[in-house]
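Asker: Would you mind keeping the following structure in view while I ask a few things?
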Amino acid sequence: MEAPSDLQSQSPEQLDARDALRSFRDEFYLPTNSAVGASKDLAADEPCTYLCGNSLGLLSKLSESLVQGELKVWATRGVVGHFDHPYGRAWAEFGEKLSPLLAPIVGAHTHEVISMSTLTTNLHLMMNAFYKPTADRFKILCEARAFPSDRYAFHSQATAHGLDPKTAVIALTPREGEYTLREEDILDVIAKEGPSIALICFSGVQYYTGQLFDMQKITHAGKHAGCIVGWDLAHAVGNVPLALHDWGVDWAVWCTYKYLNSGAGGIGGLFVHNKWDHLKKPDYAGWWGQDLATRFQMPEDFTPIPGAWGYQQSNPSCLALASLLGSLEIFQSAGGIPATRSKSILLTGYLDGLLRQSSFYNKAGGPKFTIITPSDPYRRGAQLSLLFSPLGVMQKVFDGLKSSGVIGDERQPDVIRLSPVPLYNTFADVMQAVETLEEVMRSL
Ligand SMILES: *Cc1c(COP(=O)(O)O)cnc(C)c1O
């Protein structure tokens, strides 16, 4: 397809007709207008305009049938399903079975990734393993506007080590009047404070602004300064290309209910670079990290599986794994992240271009909005964050969009996030959202 710059001159129908991924929409359940509470005069059973995959990805028919399959095995075989499973997904090693599909999504070797637990818990686990402050090197470098869970985690880790978060946590804020952090400012702090920084942990894609950080550059700078570099990939995984292994990232964590469509509270994920395999063992052992040959013999001493797999602690939910597996198989049949990212750049570029043509974009006076997500397609993922003013306008716009069947999500007090997802959104969805936004703002 063509360069993002001349997209806006084309009709959404033309663009959808040439979309190589268009058939994948039918693989997903799209909530209907009536089900999401749209009250306007809309066809009740028609799909709503769902632009909220950044918050909760949609259910695929494949995930549904795989989850039903697990229920069936549980119903018919009970405990026997751990070793003798009619669909070849014996629960005893189900988690490990997902790693070959997960690895290409994050750019890792199979043994460097595992599906386990949940994001914040994995973040703590990784910090327990890799954040080892000393008298000289004890600081955590992060974003001041990180997702609250991450901020709580950083502060509580510092406190648990007897440190004062005020001095131990360096939380970077954007420059005065700016919304996104400049990479040069991050690199500057690493250069200046490197010797005192134990851990650098940013999000790959910032949840609020949609900014995609240059993970390779930041990782290299951090490693050069002798720091541990970990990433929270909640909004990056399944959204943008990742090459965790080649970038030399020490560890990373993510959730899978956003762009990986595994369902609310779905199973999380973990990456540990294989350079650590010979340097350390998991510090907080559990039986699921035990060598696969003896896991169920439950030996006296813990012999971990090498790599990320050894960090597992508990037996994972087969329902959560089945749901994620369905989504990972869809990614694979779609051609993986290279394919979804190519469409995503066009789809979000289309949204960006149409929004900038709106009469309310950066309007002088009255209700208006601007876009705080970087305009460079390579510095963002699927999401655009719209900042509304004056105060109070955002809520009215959000409610108006919702009652017209356009589902984004709100961040109080003034931001709406819209994320067209390449696997199930269309160029027509994007046009519908922009036209509705225009209508709603005109009616204010
Ligand atoms: C979504 C998100 C979370 C949520 O954490 P859970 O432990 O999955 O509830 C945490 N951090 C970031 C950056 C997120 O985007």
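Cβ atoms here come from the backbone N, Cα and C positions, even for glycine.
It should be emphasised that the depicted structure is a prediction, and the values quoted were computed from it without experimental measurement.
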Asker: The pyridoxal 5'-phosphate site in TrEMBL includes Leu119, Thr120, Phe147, Pro148, Ser149, Asp150, Ser203, Asp232, His235, Tyr257, Trp287. Which of Asn33, Asn315, Asn362 is also listed there?
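Answerer: Between Asn33, Asn315, Asn362, TrEMBL records just one in the pyridoxal 5'-phosphate site with Leu119, Thr120, Phe147, Pro148, Ser149, Asp150, Ser203, Asp232, His235, Tyr257, Trp287, namely Asn315.
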Asker: When you put Lys258 (N6-(pyridoxal phosphate)lysine) at the centre and draw a 10 Å sphere around its Cα, which of the binding-site residues Phe147, Ser203, His235, Trp287 have their Cα inside it?
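Answerer: Of everything listed, what lies within 10 Å of Lys258 (N6-(pyridoxal phosphate)lysine) (Cα to Cα) is His235.
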Asker: For the binding-site residues Leu119, Phe147, His235, Trp287, which residues place their CB under 6 A from an atom of ligand 1?
Answerer: Leu119, Phe147, His235
Asker: Among Phe147, Trp287, all listed as binding-site residues, which has the most CB atoms within 10 Å of its CB?
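Answerer: Answer by Cβ density within 10 Å: Phe147.
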Asker: Ser149, Ser203: which of these binding-site residues has the sparsest Cβ neighbourhood within 10 Å?
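Answerer: If we count Cβ atoms within 10 Å for the binding-site residues Ser149, Ser203, the smallest count is at Ser149.
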